[in-house]
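Here the structure comes first, spelled out in structure tokens, and everything after it is commentary.
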Amino acid sequence: MTTEDFPKAYNFQDTEPELYVFWEKNGMFKAEASSDKPPYSVIMPPPNVTGVLHMGHALVNTLQDVLVRYKRMSGFEVCWIPGTDHAGIATQAVVERHLQASEGKRRTDYSREDFLKHIWAWKEKSEKVVLSQLRQLGCSCDWDRKRFTMEPLANRAVKKAFKTLFENGYIYRGYYLVNWDPVLQTALADDEVEYEEKDGWLYYIRYRMVGSQESIVVATTRPETSLGDTGIAVSPNDERYASWIGASVEVPFVNRQIPIIGDASVDPTFGTGAVKVTPAHDKDDYLMGTNHHLPMINILTPSGGINENGGPFAGMAKEKAREEILIALEEQGLFVRKEPYKLRVGVSYRSGAVIEPYLSKQWFVSVSEFRGALREFVESQDIKIFPKDFVKNYLSWVNHLRDWCISRQLWWGHRIPVWYHKNDDERVLCYDGEGIPEEVAQDPDSWYQDPDVLDTWFSSGLWPLTCLGWPDENSPDLKKFYPTALLVTGHDILFFWVTRMVLLCSSMSGEKPFSEVFLHGLIFGKSYKRYNDFGEWSYISGKEKLAYDMGEALPDGVVAKWEKLSKSKGNVIDPLEMIATYGTDAVRLTLCSCANRGEQIDLDYRLFEEYKHFANKVWNGARFIFGHISDLQGKDLLAGIDEDSLGLEDFYILDGFNQLIHQLEEAYATYAFDKVATLAYEFFRNDLCSTYIEIIKPTLFGKQGNEASQSTKRTLLAVLLINVLGVLHPVAPFITESLFLRIQDTLGALPEGDGDAFTGHALRMLRSRACMEAPYPKAFDVKIPQDLRESFTLAQRLVYTIRNIRGEMQLDPRLHLKAFVVCSDTTEIQSCIPILQALGGLESIQLLDKEPEKGLYSFGVVDTIRLGIFVPEEHLLKEKGRLEKERVRLERAVENLERLLGDESFCQKANPNLVVAKQEALKNNRIELQGILDKLASFA
């Protein structure tokens, strides 16, 4: 293949889908449970079937794909299992909104069966879109093993786990104060509640004593819940109220007398030191009410209104009830005052509704028995968490575990596998088989199944097991790939999901679900606020925001800030739009380069453009190389490379590649994805293209060396390209595969043989069907002499000096100039000359014993080496003028510093650190001045 056959530009729009079909059609994503390769299994965090993928999905799946491609190339039997999550609350809410908008109907307008048909239809449509988008990302999943959290196998697993825990006493049903979402009308687990700080009020209300004219004043943030009060609590050590403990007060409006109790948990400094106790609507009050055997009176309906226990306020919305209660209290002389107060309000993570503590009969998992095992897995490093900072978060959460509420008042989800006898609600059957229990089948009119479903996280908590075939203990996948090697997920669901997988999977299998966990940060994008003269602001979006994202200066009144991605803030970045604009490889490289190991990932929009340019650089660099290896054949690689024919620059690039491989091994082992991306990027751009290729161009074009050296360079260049494509493949699979297949096509059929230390691994790679199946590159088995490393380091420093001189004198980079070097030992410099000429833009270099006495040149110094560049007279005069200005500036600076440091008063009174800093500045200015004087002397 010649450069004429090689397109000038990389067409990712056509290439990416073609290559994905090629990989999938040839079964390159499939895992074999019967393989004797070491297993490496990963389960995909299943995206919800609620809509399309967002940038968080793009990140987590890119990181997984980078790892599985690397492990596949490293000789592992890789099993990456994709799947989707039924996402009970989220999906039901989305479908309800859809049906209300499209058909004007609510969920309750359908039968349960008909409503579920609508959700299944939604699931099928949404899942198809999600899986298609995962393919666009280049995910090399084993699609034949795709799972869904509500498929029959998952349902069997859920029922098996529920029954096992139930029969062992770890699942129970009871009344408890749950987190109630009044919009979705379901209970939520503690970690499904998000907390916000809001401005509110602290209300002071008077309660009259029974049989007395006295009264007690309490402070509360929720006066409407007084309808459910069953006690007033004070500290037993508070002398103000000591004599009142045991007395009773009247609850306004509901004709109820309640006791005043003493409880050590009451803070005497809060409010008046007396608090009302509403056990059915406050978690602290619930515990207090339980300890003091107080009645628990629920005053709320499932939708958050006031129920029949609310007296004259029954039937009102709670907000309206609060207004009416405050008015009525004031009319009766029971309202004292209100004062501003900061509230910590619980909010549903799904609906955004304010959470109500709500007394309800629910199913729970008792977690106290599992605490020890959950700690031991991580403390013993049987499960390793990366980054390590999250270990303490995990252990802290485990130490404060509360029983997990697993029942949800929804229709979409795994139905709780429990049947109740209609005449005795405590008589239950727990069943994990197909269909219904035999006892129910024999007498169906006497039994009914629990209408609730299980928390989504219950089925997700079994995901590593169900993906591999459990509860079938003889599943080949389970035997080969469990426990899984790694879980990659966001740190925000460490408690939602990761810990529950450890709990459920270990209790079912007796083994950990995974060996390592990598928790990535959450993606933040730049948002822009525009402020007006009154301090009011609004978010900027559209083309104006894009201009700022791409680097346009912000005008006055516009402020930028990194914030979580949010449509309302205008900083959402659609991964599919980025793929369409910049290509999948550019998106993957961008995400990897940002994936540091912190809690926040700042996604700079400009990186997409930068990595698109890099992809073009890879294409153009490969195209240049193809132009010089197009007539290369497999036998040339088989013949190998004569080490004696290698030059300094060859050892440099080989040494650089070896260092790259070692650095990448460390980066992959520690999940430093940002280093994986940037190390490969910098090697290709800086070391291979900008340095090595530039150095050897004269040889490639026949201007230096002989035919043998030209052949060596061409062969080594081909070997380097093959290996670098392998290194880049996990992060940029499409462009690397396209180029790899072109190399295979160029070289044709490969003869038998192993090659040598330089070409052997490249030959093994080329014998693979594709780059993604090729063995991952290894360090070249060649020793790089230390003196050669030092010589190239010297060459780099000299090149820097040359470029600095050219830059200072503003010399045209295309202008090839003559130079000279003065040094005591010319041996080392001799080997550097081709490098200095190629990278410094020099026509020739003379080795001299001393500087020319006169001449139009400018020079620099590296250690004891003086390097001069002969320049045209007009440039030299310009440079002389610049140096004269620098001389005047530095002489004044030295004079001022000498005067200051010669002042005894200053040296005695000034801060010692300041004196030292001035002394250091004087020293540096003197050195710089002497250098300027030396250069000026050469112009004399």
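Cβ coordinates come from backbone N, Cα and C, glycine included.
Listed in Swiss-Prot:
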- LYS567: ATP binding site (BINDING)
- 873-905: coiled coil (COILED)
- 47-57: motif ''HIGH' region' (MOTIF)
- 564-568: motif ''KMSKS' region' (MOTIF)
Where else in the chain does the motif ''KMSKS' region' (564-568) make close Cβ contacts, counting only residues six or more beyond its ends and a cut-off under 8 Å?
54-56, 522-525, 527, 539
Take the coiled coil (873-905) and average the pLDDT across it for me.
87
Helix, strand or coil by DSSP: which one applies to LYS567 (ATP binding site)?
helix
With DSSP, how much of the motif ''HIGH' region' (47-57) is helix, how much strand and how much coil, in residues?
3 helix, 1 strand, 7 coil
